[in-house]
Amino acid sequence: MSAGKIIQIIGAVIDVEFPQNAVPKVYDALKVESGLTLEVQQQLGGGVVRCIALGSSDGLKRGLKVENTGNPISVPVGTKTLGRIMNVLGEPIDEKGEIGAEEYWAIHRAAPSYEEQSNSTELLETGIKVIDLICPFAKGGKVGLFGGAGVGKTVNMMELIRNIAIEHSGYSVFAGVGERTREGNDFYHEMTESNVLDKVSLVYGQMNEPPGNRLRVALTGLTMAEKFRDEGRDVLFFVDNIYRYTLAGTEVSALLGRMPSAVGYQPTLAEEMGVLQERITSTKTGSITSVQAVYVPADDLTDPSPATTFAHLDSTVVLSRNIASLGIYPAVDPLDSTSRQLDPLVVGQEHYDVARGVQGILQRYKELKDIIAILGMDELSEDDKLVVARARKIERFLSQPFFVAEVFTGSPGKYVSLKDTIRGFKGILDGEYDHIPEQAFYMVGSIEEVLEKAKKM
C-alpha cells in the first residue's frame, strides 16, 4: 500500500500527492490517518490525485498522511444487510453492532451486458387505484415519482413500499439520497410497525452530509440490490431522491474544475445518470424493480435534471400541485402520468379502454373549465353537463386513504385490487353511478364503499 500526503483542501475536494511510481487509480479508496475515506476522481499529473471526501473534511490539514487501499469502496452485501441502516461506506449507523457480512462488493460495477438483460411484461399490482389504472408498473421496470416540494413524493413511496412489501414477499433496498433525516427516521419506524423491516436494507446519505456521501450512496444501495438480484430474487430498489444525486454531482463538479453546463449543472449530468440507471436493470437470473422519487425544481419538468431522468423510465407518475390543492391525495395527475405498460397487448383491452375513457373525460372537463368559469354550468349542453358530473366523480374516486397516512388523516388505509379498480371506473364511465352524489366518491377504496357512504349521506 503506497502512502501520500494532503497538499490542498477546498471544501469536499482534496488533492493528495503520491510518489510518481505509485499513483492511485481513478475510483480507488484512500484512507486519511484521521479515519476519513477519500475517493480518487482525477489524476492531475506529477503524482497528484484529486479526490472527493466521503465524510466531513473538518479538521483536515495539509501534510496529513494518506494511504491507498488499492481498491474501490466496497460495501457489505447479502442477507446480513437486511433490517440494518448503513451509510455510504456500508458501516452500520443504527447502533446494533457489526453487519457481519461474508461478502463485500465494490460499488463501481459494469452494467449487465445486452445478452444478460431480460424483458418482462408482468404487471406489479400496487393497490393504489390511480397508479394501477393509469400508469401500471411492470415487474422489473423503472418508475419515477415526479413532483415539486411538498406534493407527496415520500408518502407515496412509503405507501408503495408498504403495499408491495406486504403483498409481495421479496426483499427491498431503500437508498435515502440527500433527503431529510426526519423522513429517514419516520421510514424506519414505519417499516418496524408494518413488520417488514427484516426484508429491507436501508442506506442513508442525508441532506446534512457532504456531497461525496450523497453522490455515492445511491451506488451503495444499488450494489446491495444487485447482489439480491444475482442470487435469483426479485428485488425492489427505492431511491429518494434522485434529484439530490444530481445536485451532489453539481456541488463537486465545479470544485473538480469542470465548466458548468445549462442551468449550472455539471457537464457530465447525462453520463452520471446513465451510469446509475443502466445498472438498475433485470437479468435472466432476477429482477430489480425500481421506484425513484424525482424532485422537480420550481415545478418545471423541463429542468435538465428531471428531463434527463425521464429518458430512463418505463412509468412516470407525475404529482401535481393543482390536484393537491383540491385536497385530492395521492395528487397524481392522470393526464400527465404515463406508462409503457398501458398497452392492450400487456394490460388487456378492457383495462386499456377504461384508462383511456377516464383520461378522455378528464381532458374534456379540463377544456370545459374555461367555459364554466366565464359562463357558468347552465350554458353547457346536457352531454357536457354529464361529462362534468362524471369527471368530478372520477377525480374524487382517484383519491384514496393511505395506510402510512392513517396517523394524519384518521381514516384507515385501503388496498384496492386492480380488478376492483377497473370495475369501479368502468361503472362510472357507463353511467351506473350518475345518481350518486360526488362527495361519496372522495377518499374511499372500492366502489362498494362509495355505495355504503352514499347511503349514510
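Residue positions begin at 1 at the first shown residue.
Placement of Cβ uses the backbone N, Cα and C atoms for every residue, glycine included.
Some features that Swiss-Prot has for this protein:
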BINDING   Gly147, Gly148, Ala149, Gly150, Val151, Gly152, Lys153, Thr154  ATP binding site
Output field, ATP shell: CB within 8 Å of site CB centroid, site Gly147, Gly148, Ala149, Gly150, Val151, Gly152, Lys153, Thr154 dropped: Tyr295, Leu319, Ala324
Position of peak Cβ density within 10 Å, selected from the binding-site residues Gly147, Gly150, Gly152: Gly147
Assigned element (helix, strand, coil) containing Gly147 (ATP binding site), judged by DSSP: strand
Reduced DSSP assignment, Thr154 (ATP binding site): helix
Neighbour-count leader, CB within 10 A, binding-site residues: Gly148, Ala149, Val151: Val151
Residues satisfying Cβ distance under 8 Å from Thr154 (ATP binding site), sequence separation of at least 6: Glu179, Glu183, Phe187, Asp240, Ala293
